[in-house]
Amino acid sequence: MPHYQQPLDATRLPAWQSLVEHRRAMQGFSMREAFAGDAGRFKDFSLSGCGLFLDYSKNLINHETRELLVRLAREADLQAAIEALFKGEPVNASEGRPALHTALRRPVADRLVVNGVDVMPEVHQVLGQMTELVGRIHDGLWRGYSEKPITDVVNIGIGGSFLGPQLVSEALLPFAQRGVRCHYLANIDGSEFHELSARLRAETTLFIVSSKSFGTLETLKNAQAARSWYLAQGGSEAELHKHFIAVSSNKEAAVAFGIHEENIFPMWDWVGGRYSLWSAIGLPIALAIGMSNFKELLSGAYSMDQHFLTAPFERNMPVLLALLGVWYSNFWNAQSHAILPYDHYLRNITQHLQQLDMESNGKSVRQDGTPVGCATGPVIWGGVGCNGQHAYHQLLHQGTQLIPADFIVPVVSYNPVADHHHWLYANCLSQSQALMLGKSRAEAEAELRAKSLPEDEVQRLAPHKVIPGNRPSNTLVLERVSPRRLGALVAMYEHKVFVQSVIWGINAFDQWGVELGKELGKGVYQRLSGHEEQAAEDASTQGLIDFFRGRHRG
Ligand code: F6P
């Protein structure tokens, strides 16, 4: 039976049991000593591919750990699961769908038959449709109601219809083309709408209503607000089609909104929102950086797909990162994972990976509905270095929790200012070094004595100066943030998440948990607006409703 129908219970696999024992044996493992005792450690625990370099030598692992983790992946039949993903089998079992984001970056000559239909011609047809639109906008041929060319594009979407496109279009700003500015409107918060619309002119603005379902509250409300604003600014219903286009798999709803059928870019059921930046959901990316750069992004992701499919697990970046995550979540009780990009352009990657990882692997039953017998997805958090160093890194260094971290850094900056990039890179390396080395009691005391402090003062201060060290991290180095390398980087994390879902036996491609809040939101809204007088299910929610109503009556 395939993994998505009858997942294995990884905790019962022989390799899992061996890892339990191995974890005990690793209790006193010291990374400092491991480096001191093995000159080849960096070389043995690092690899490059797809324009990325991964150093995973600063982890609580030795050769045996890697062997056991790889054995776990083999016993979990990971290779068959990877092939099932790429072939378009219904790996999203609760929705009976494949998850074919990899099809979106395959070359035109490929064939991929799913349910009797080759999906590749459609994929490339949509890329063609995108190329035409991007060309017309960049060449000033797409005109607004006053015949002026488009200068600003507003992507109205949330979740996967926002985070991926925002990450990539802003990360690739050095590749920006022809002065089309991209903006994002996600939250159902009038302030966000107000601040953005105040900077725009309706006659030169194009709105992309980006929603796979065309049923997401925040997106629909923002689209309605944008439409009212456009009309109030002088636009007409008759020329609405010049200012509103859509990306959606729900064509009927988009047409009902007033969008012309030829301006609706299709999406498919087999692309999950958080995996959709490679589809027409990536239109703002293509508008920002041009279609040839967008295709470079796809080919970078494709190269990572090939690496993932073919590299042996011991040399497979997504597989290794996933197995390290399993090692820490399930054997070291780590509950979160920090993503620390040392690059301004990559500043949004943490939020994108938050959705990618937490919406995918925040599950507690397996594909067959049975409870998971171990911890699943960690909390993903973090932010751009060096800012985090002056905020939350303290907890990474001296807090009581073990928090593995991924440092991500380019070697070359697009904007060299004096020696800033040398310092930025140095900070990135010194943080992972400090996490690993720490400072022993003896070192702390020696430092204090060197300042000629009296011995009682040395003893009083030393415990505060001790830094435990031995805290794990990966460092991912890119030569520079280019479309191709960014494509590979994002695809690498997509596959990491998938590998973990296979080990844990869960479905990475559904998200039923987010539905309850949406459902309850309707009832709360009815009560807030006085359309429902029956009290809420609980006193806390009712009390907070009363608070709001009291203010709005006054
Ligand atoms: O509510 C969660 C979610 O369904 C995400 O999975 C998705 O990325 C987001 O909402 C937006 O959905 P849509 O593109 O259908 O508007």
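Positions of Cβ are set from backbone N, Cα and C atoms, glycine also.
Annotation for GLU359 (active site, proton donor): same-chain Cβ neighbours under 8 Å, separated by at least 6 residues, are GLY159, ARG274, GLN511, VAL514. Under the heading active site, proton donor, TrEMBL lists GLU359.
Taking a C-beta cut-off of under 8 angstroms and a sequence separation of 6 or more, HIS390 (active site) has no same-chain neighbours. Feature annotation from TrEMBL assigns active site to HIS390 (among others).
LYS518 (active site) falls within a helical segment according to DSSP. The active site annotation in TrEMBL covers LYS518 (among others).
Long-range Cβ contacts of LYS518 (active site) within its own chain (separation 6+, distance under 8 Å): LEU217.
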